[in-house]
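Enquirer: Just dropping this structure here.
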Amino acid sequence: MEISYYEILEITQSADKETIKKAYRKMALKYHPDRNQGDKEAEDKFKLVNEAYEVLSNDEKRAIYDRYGKDALKGGGFGSSSSGFGGFEDLGDIFSSFFGEGFGSSSRRRKSSNDEKIPSDFIVNLKLSFKEAVFGCKKNIDFTYKCSCKTCNGTGAKDGKLQTCPKCQGRGQVGVSQGFITFAQTCPDCQGSGEKASEKCSDCKGLGYNESKDSVELNIPEGIDTGMKLRVNAKGNILKNGTRGDMYVKIIAAEDDTFVRDDDDIYIEFPVFFTQAILGQSIKVPTIRGEATLNLPKGAKDGQRFVLEKEGVKDVHSSRIGNQIVQISIKFPTSLNDEQKELLEKLSESFGIKDGMHQEQKGLFEKIANWFKS
């Protein structure tokens, strides 16, 4: 069964124009190709969303569709317009009508020819071991940066001379049709500038920049963690005017087989023998700095957590130190010798367990038996 235009936009048949427009905006943003590159299913849904909107936003088409169905719209002068929106030049224009100038039309989104071909800043990833991140270290980083080509002044063109891009006619964007809609994409030939080199610069091969290698030693602070960034001043790319941006080092810290880190706190699961849990004993547990004493209370339970204050990680921005949380896992013997078995049987009897049943268990059975009798 073919899905209806109302179902495609997830609205009811009684929806007014404003509701239809809001629904279209939501669905178009969700399935837009720029957000779902390489996703064929999203591309197909995007086409359906636009098809549904073109019909339901037009009173005449909607009336015909409601009365006779989709087939009645084929032919008879009810085909799609050249743009698919009748009055909107491209997707940027309709988004602009919804959201304001931030989305802009193609003419407003053209890049300036004075724009840099390279960003001033860039990011490099740095992998650290668990200990390196927790305690800090020194690291040498080799990196590649870009320098705006002096020969062509960063244009990528021989002698720095550019001409109007023939593909987009200087607009910086080209129209791409998908079903009922024609939307604008950045021109692949000029990358949105509207200008292109007729002859490439021999020094930078038309890129507008040259690459160089460098290295720097970094002091990694104690307590750094995955996702954090360190800024290295004046180690970024070099622009046309000679200014140099910054390099940002993004940290990727490895996990540990024993300790689990959560911000500045450390978690560890530690095995405890059942007699230690019952009697309550002082035990030694490992920490990231060595070991610490944990005083177990009598009758400690499996999975119970205990906090060792200031045995965690130092906060990277202050002198505060996190805690270590120890979760105990109570262990029982899997095999017993004759002497151990005899001792445990005597212990069991001393707790009033006879005929394999404790007094509390007997009481529960009696309670259930009385329940059946009533």
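Note: Cβ is positioned from N, Cα and C throughout, glycine not excepted.
If you look up Swiss-Prot, you'll see 4-69 marked as domain 'J'. Per Swiss-Prot, the feature zinc finger maps to 136-213. Under the heading Zn(2+) 1 binding site, Swiss-Prot lists Cys149, Cys152, Cys201, Cys204, citing sequence analysis as support. Look at Swiss-Prot and you will find Cys165, Cys168, Cys187, Cys190 tagged as Zn(2+) 2 binding site, backed by sequence analysis.
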Enquirer: Where among the binding-site residues Cys152, Cys201 do you find the Cβ with the fewest other Cβ atoms within 10 Å?
Expert: Cys201
Enquirer: Please report how many Å separate the Cα atom of Cys152 (Zn(2+) 1 binding site) from that of Cys187 (Zn(2+) 2 binding site), as a whole number.
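Expert: With the alpha carbons as reference points, the distance is 22 Å.
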Enquirer: Distance check, please: Cα of Cys149 (Zn(2+) 1 binding site) against Cα of Cys187 (Zn(2+) 2 binding site), rounded to an integer number of angstrom.
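Expert: The Cα atom of Cys149 (Zn(2+) 1 binding site) is 23 Å away from the Cα atom of Cys187 (Zn(2+) 2 binding site).
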Enquirer: What is the interatomic distance between the Cα atoms of Cys187 (Zn(2+) 2 binding site) and Cys201 (Zn(2+) 1 binding site), given in whole Å?
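Expert: If we compare the Cα positions of Cys187 (Zn(2+) 2 binding site) and Cys201 (Zn(2+) 1 binding site), the gap is 21 Å.
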Enquirer: Would you list, in sequence order, the residues of this chain other than Cys165, Cys168, Cys187, Cys190 that have their CB within 8 A of the centroid of the site's CB atoms, where the site is the one recorded for Zn(2+) 2?
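Expert: Filtered neighbour residues, in order: Pro166, Lys167, Gln169, Gly170, Arg171, Gly172, Gln173, Val174, Pro188, Asp189, Gln191, Gly192, Ser193, Gly194, Glu195, Lys196.
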Enquirer: Enter the number of other CB atoms within 10 angstroms of the CB of Cys190 (Zn(2+) 2 binding site).
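Expert: I count 26 other Cβ atoms within 10 Å of it.
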Enquirer: So how many of the residues in the domain 'J' (4-69) end up helix, strand or coil by DSSP?
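Expert: Going by DSSP assignments, the domain 'J' (4-69) contains 46 helix, 0 strand, 20 coil.
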Enquirer: Would you kindly give the Cα-Cα distance separating Cys168 (Zn(2+) 2 binding site) and Cys201 (Zn(2+) 1 binding site), rounded to the nearest Å?
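Expert: Taking the Cα atoms only, Cys201 (Zn(2+) 1 binding site) lies 22 Å from Cys168 (Zn(2+) 2 binding site).
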Enquirer: Other than Cys149, Cys152, Cys201, Cys204, which residues of the chain come within 8 Å of the Zn(2+) 1 site, judged by Cβ distance to the Cβ centroid of those residues?
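Expert: So the extra residues in range turn out to be Lys150, Thr151, Asn153, Gly154, Thr155, Gly156, Ala157, Lys200, Ser202, Asp203, Lys205, Gly206, Leu207, Gly208, Tyr209, Asn210.
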Enquirer: For Cys204 (Zn(2+) 1 binding site), what is the tally of other C-beta atoms lying within 10 angstroms of its C-beta?
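Expert: Neighbour count, Cβ to Cβ under the 10 Å cut-off: 23.
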Enquirer: Using a 10 Å cut-off, grab the number of neighbouring Cβ atoms around the Cβ of Cys168 (Zn(2+) 2 binding site), all chains included.
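Expert: Result for Cys168 (Zn(2+) 2 binding site): 25 neighbouring Cβ atoms inside 10 Å.
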Enquirer: Over all shown protein chains, what is the count of other CB atoms within 10 A of the CB belonging to Cys149 (Zn(2+) 1 binding site)?
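Expert: Its Cβ shell of radius 10 Å holds 24 other Cβ atoms.
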Enquirer: Looking only at DSSP and grouping its letters into three states, which state does Cys152 (Zn(2+) 1 binding site) belong to?
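Expert: Coil, per DSSP.
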Enquirer: Within the zinc finger (136-213), count helix residues (DSSP H, G, I), strand residues (E, B) and coil residues, in that order.
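Expert: Across the zinc finger (136-213), DSSP assigns the residues as follows: 3 helix, 37 strand, 38 coil.
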Enquirer: How long is the line from the C-alpha of Cys204 (Zn(2+) 1 binding site) to the C-alpha of Cys168 (Zn(2+) 2 binding site), rounded to the nearest angstrom?
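Expert: So the alpha carbons of Cys204 (Zn(2+) 1 binding site) and Cys168 (Zn(2+) 2 binding site) sit roughly 24 Å from each other.
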